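Presented below is the structure to which this report refers.
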Amino acid sequence: MFSTSDQVSKMNSRILSALLILGIATCVIAGGFCPKSRHPQCNLSYKINDCCAQSDCRVGSVCCVEGCGNVCRAESDTPLGEKFVDGSECKHGHVFPKKWYQFR
C-alpha cells in the first residue's frame, strides 16, 4: 500500500491546506477598522462617495465615512473612524443635498 513517507507527506499537505484555509478565512472575517478621519468637517456643498460597499475597496482597505463622502482607507488596528455599513443608502460619485424647496 502506502509507505510511511507517503502517509506523512499526505498528512503534511492536509495540515498545510487546513492552515491556508484558516488564514484566508481569518483575513476575510477580520474586516479591519477605519483610521481616524482626515477631514471630519466638510466645507463643500456636496459629497463625493468613492465607495458604497466594503467590496468597492481593494484588499487591505475599508470603506470609511468621512466628512466629504465615503472613501477607501487602509485598515487600522483600532476603531478610530466610522466604517461604512453595507446596505446603507449610498450613491457613487458627486452627491448634492436636496434644494431648499425639496424639503418637506
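The backbone N, Cα and C atoms fix where each Cβ goes, glycine too.
Model, not experiment: these values are computed from the prediction.
In Swiss-Prot, Cys68 is paired through a disulphide bond with Cys42, chosen from Cys34, Cys42, Cys90.
If you go by Swiss-Prot, Cys63 shares a disulfide bond with Cys51, out of Cys51, Cys90. Per Swiss-Prot, the residue from Cys57, Cys90 that shares a disulphide bond with Cys72 is Cys57.
The disulfide bond recorded by Swiss-Prot for Cys34 joins it to Cys64 [selected from Cys64, Cys90].
For the domain 'WAP' (31-76), the predicted model reports an average pLDDT of 93.
For the disulfide-bonded residues Cys34, Cys42, Cys52, Cys72, the ranking by surrounding Cβ atoms (within 10 Å, all protein chains) places Cys34 first.
Annotation note: Cys51 (disulfide bond) sits in a coil segment as assigned by DSSP.
Here Cys63 (disulfide bond) is positioned 6 angstrom away from Cys57 (disulfide bond), judged by their C-alpha atoms.
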